[in-house]
Amino acid sequence: MKPVDSLSGLSEHLSVHALCRRFGAFTALDQASLSIRKGEFVCLLGPSGCGKTTLLRLIAGLDLPDAGAIRLSGRDITRTAPAKRDYGIVFQSYALFPNLTVADNIAYGLTPRRDKAGHAHRVRELLDMVGLPGSEGKYPSQLSGGQQQRVALARALATSPGLLLLDEPLSALDARVRDKLREELKGLQRRLGVTTMMVTHDQEEALSIADRVVVMNAGRIEQTGTPAEIYRSPASRFVAEFVGDANWLPAERRGGREAAVGGCVLSLARDLPDAEALTLFIRPEDVIVKPRWAPAANTLLARVEDVSFGGAMTRLRLRPEGMPGLILRAEICPSMLNRQPLVPGEIVPVELPAAQLRAYPGEAAC
């Protein structure tokens with residue numbers, strides 16, 4: 001299926017065209033093409049080994065492609081030395097100089113070096129920006145992981161680059177610090193308006209922070225779109241499986257928009273793929289548990305197997321009648337349970353809305 005890019009018609013700041021990178025017989029990046037608008041925040045999302053870090057390294061000039069082209073602000077930088085590309089970069093490991101103070105780390109790339117007063121002013125400005133005022137004289141060893149990453153971000157922004165590259169900058173931090181820095185990073189990027197590309201394998205991180213998400217798999221771009229497009233309208237089976245939780249139902253085609261799952265015939269709001277064997281997909285939060293039975297399209301009975309409280313959502317495991325061997329996962333808000341207490345063994349009506357069902361060719365693997 002062709003990758004979807006809903007913003008491809010807008011003006012671009014960075015573009016890559018048909019980039020390829022091979023390491024012997026292994027293809028790390030295969031014909032990757034992408035366009036990024038000025039001021040946009042884009043996340044490269046995918047499993048380990050999918051090519052996302054390779055793509056970022058090629059853009060940074062830390063590696064060279066075997067084929068393809070990279071353009072930044074209209075300038076071909078495919079073979080340009082890293083120092084002559086207009087970007088700042090933050091690594092997962094911080095990469096701070098342990099023998100230099102915070103101020104000297106941040107000012108390292110500033111020129112001319114003799115302008116000490118100007119550099120000191122810029123350092124103070126950046127430390128205020130990243131929430132570390134008064135830290136100029138400290139050394140990296142005196143800072144927490146989150147503070148070190150703030151210093152690394154300040155250093156990357158010191159030269160006011162047109163492009164900010166982030167290589168999994170939050171993955172080494174604990175969950176609470178990571179969530180806080182994620183919010184700060186998003187707010188800072190919005191205020192500065194700097195074009196940003198971030199590599200991550202954390203789908204929640206990508207969906208919450210990015211203007212657009214680029215999902216990668218096996219060296220190829222599977223889909224490009226807004227977080228909502230990626231989550232609600234996955235362009236391929238891989239994207240649907242990788243981003244978010246899902247129910248997978250093996251089905252057989254019955255007509256243009258009908259498919260049979262066991263003894264149940266379900267309607268879909270869109271045409272089915274041209275295949276007899278199908279897999280239907282629906283998110284757990286889209287499964288509707290009804291308070292009482294009433295005959296309706298895509299509505300069936302299911303036995304409650306398990307009820308698990310999850311804070312904002314309560315998770316259910318349901319065994320639908322007429323679908324032997326299948327378990328449906330549903331997520332409902334606790335307020336619904338206040339009106340309709342559920343216990344294992346109870347039979348409840350369940351609706352699988354036609355608008356939320358999607359079909360992919362082939363039998364379910366999960």
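The backbone N, Cα and C atoms fix where each Cβ goes, and this holds for glycine too.
Note that the structure is a prediction, hence the values are computed from the model and not measured.
For Gly51 (ATP binding site), the same-chain residues 6+ apart in sequence whose C-beta sits under 8 angstroms from its C-beta are Arg21, Ala28, Leu29, Asp30, Ala32, Met216, Ala218, Gly219, Arg220. Summarising the annotation, Swiss-Prot assigns ATP binding site to Gly46, Pro47, Ser48, Gly49, Cys50, Gly51, Lys52, Thr53.
Annotation comment: Swiss-Prot describes 14-243 as domain 'ABC transporter', evidence class sequence analysis.
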For ATP, what surrounds Gly46, Pro47, Ser48, Gly49, Cys50, Gly51, Lys52, Thr53 with a Cβ no more than 8 Å from their Cβ centroid? Thr54, His201, Met216, Asn217
